[in-house]
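The following features are taken from TrEMBL:
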DOMAIN    24-358  domain 'FAD/NAD(P)-binding'
DISULFID  CYS71-CYS76  disulfide bond
BINDING   LYS80, GLY144, ASP343  FAD binding site
BINDING   GLY208, GLY209, GLY210, TYR211, ILE212, ALA213, VAL214, GLU215, GLY295  NAD(+) binding site
DOMAIN    378-487  domain 'Pyridine nucleotide-disulphide oxidoreductase dimerisation'
ACT_SITE  HIS477  active site, proton acceptor
Amino acid sequence: MARKMLIDGEPAAALEEEATDFDFDLFVIGAGSGGVRASRFSANFGAKVGICELPYHPISSETIGGVGGTCVIRGCVPKKILVYGASFGGDLEDARNYGWELSEKIDFNWKKLLQKKTDEINRLNGIYKRLLSNAGVKLFEGEGKVVGPHEVEVTQLDGTKLSYSAKHILIATGGRAHLPDIPGKELGITSDEALSLEELPKRVVILGGGYIAVEFASIWQGMGSTVNLVFRKELPLRGFDDEMRAVVARNLEGRGINLHPRTNLTQLIKTEDGIKAVTDHGEELMADVVLFATGRVPNTKRLNLEAVGVELDSNGAIKVYNSYVKVNEYSRTNIPSIWAVGDVTDRMNLTPVALMEGTCFAKTVFGAQESKPDYSNIPYAVFSIPPLSVVGLSEEQAIEQANGDVLVFTSTFNPMKNTISGRQEKTVMKLVVDAETDKVLGASMCGPDAPEIMQGIAVALKCGATKAQFDSTVGIHPSSAEEFVTMRSVTRTVAAAKPRTIGGVQNQLQ
């Protein structure tokens, strides 16, 4: 059967290739979001596709995984379920001022929520398997590794090894949690275990200031735990807009979370009263659970990639192939027949980005549609309580990258719900605009429903919307979202970090 695909390492628009002696046109190692998307779409384009994945379990290891990957099994989905569960704690408090007569003591059943969460990820695991089957993709359960430019080996659960040849091999094995190298680290847990704890901890210490740390701090606090959040920087969420980072920190403290900025853990000690977490300031924090949310590393250790010539960086990601990404713009490695998408490339580690990369791969290689991932204006969210969501450039990034002045518009207000409930928690919105072109460069929001609102704002930025177009849009009233189209007054004007250029020549006019 003739199939359209990428020929001899070069993107081809519509070339036909006769069937070869390869077992598969494509073999994918890793059945997470990116791998499943690439497999299904490639099969829909007519490719013969095989995919392998480690056996399923909610807690991962080097030999345990599951179809659906991190996001579905031990990441975004179960985490969001717990965020929903934790949010009811504050909602029940707020309900009293809305006329709901509630008893003073409200019980929370952690094990019930945990079982519901497990039931849901079991259901999704089954759905992902059916998606592959319905697309005609052959699924192998076992550990895969690359043994040649066109050959993979799958070790099945009983130890039997199977070898298959493939015209193209795609690596989509994602990442895993990184543990800090401190004495007593074996006493700590990662987000994998945090999503499956048998008992709700009464006292928690979290090391880290990123997404996972902030989200679990909100989850456990919302369920009634005492939470200490330890992080090395002045504010959590390094890399986000500084103003919004400060808003998140203020909200975390307002909800009762104890913040320990400019602090690190040096040791964990098991005691009769629990785990003693010692900081680099000499402070001792007692905990039932210590969560390490100290970053993730690519899952390449057991793939045999270096033995077949695939270059990796010092972090284990597929090595930088040009100035921006770890693989080339079509997601190819330095070995022409081997490709990579998702967190294993350490580009932008988000599930929707892995989906985009998998889609572009399938279109390019098997769909005769040369497609490159577009990493501009990708929206994302931190599901703290309340959540933060952003798209485009932060104020700091805009100042660094813009050729002219940057206009900053902000709105800080008490959401209508809070005016009745009495909760002292402001919503903050922000637009960053290029003064010369009026183009909106970035948007941020911290407050209820921020991710739902920001998805729509992302479409506007993707279309190149100007501030004037925002201003001419009629708002939905009463809503928080309407603030994005009613911010008329400039909060501040910031001079660009680099001189303005005209036609590529620096403007020297004073």
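Going from the start of the chain as shown, residues are counted 1 onward.
Glycine is no exception: its Cβ is also placed from the backbone N, Cα and C atoms.
Here the domain 'Pyridine nucleotide-disulphide oxidoreductase dimerisation' (378-487) has, by DSSP, the following mix of helix, strand and coil residues: 36 helix, 33 strand, 41 coil. In this view, the densest Cβ surroundings among the recorded positions LYS80, HIS477 belong to LYS80, judged by other Cβ atoms lying within 10 Å.
It is 54 Å from the Cα atom of GLY144 (FAD binding site) to that of HIS477 (active site, proton acceptor). Checked against CYS71 (disulfide bond) by C-alpha proximity, the recorded positions LYS80, ILE212, HIS477 yield LYS80 as the nearest. With a cut-off of 8 Å between CB atoms and residues at least 6 apart in sequence, the same chain places LEU229, PRO236, LEU237, VAL248, LEU252, VAL382, SER384 near VAL214 (NAD(+) binding site), listed in sequence order. Those residues of the chain, other than GLY208, GLY209, GLY210, TYR211, ILE212, ALA213, VAL214, GLU215, GLY295, with a C-beta within 8 angstroms of the mean position of the NAD(+) site C-beta atoms are ILE206, PHE216, PRO236, LEU237, ALA293.
Put simply, of the recorded positions CYS76, ILE212, ASP343, the one whose Cα is nearest the Cα of HIS477 (active site, proton acceptor) is CYS76. Taking the Cα atom of each, ILE212 (NAD(+) binding site) and CYS76 (disulfide bond) are about 10 angstrom apart. The Cβ neighbour count for GLY210 (NAD(+) binding site), using a 10 Å radius and every protein chain shown, is 18.
Among the listed binding-site residues, namely GLY208, GLY295, the Cβ with the most fellow Cβ atoms inside 10 Å is that of GLY208.
For GLY144 (FAD binding site), other Cβ atoms within 10 Å of its Cβ number 28. Spatially, by CA atoms, the binding-site residues GLY208, GLY210, GLY295 include one closest to LYS80 (FAD binding site), and that is GLY210.
Listed recorded positions: CYS71, CYS76, ILE212. The one with the lowest count of other Cβ atoms within 10 Å of its Cβ is CYS76. When the recorded positions CYS76, GLY208, GLY210, GLY295 are screened for a Cα within 10 A of the Cα of ASP343 (FAD binding site), none qualifies.
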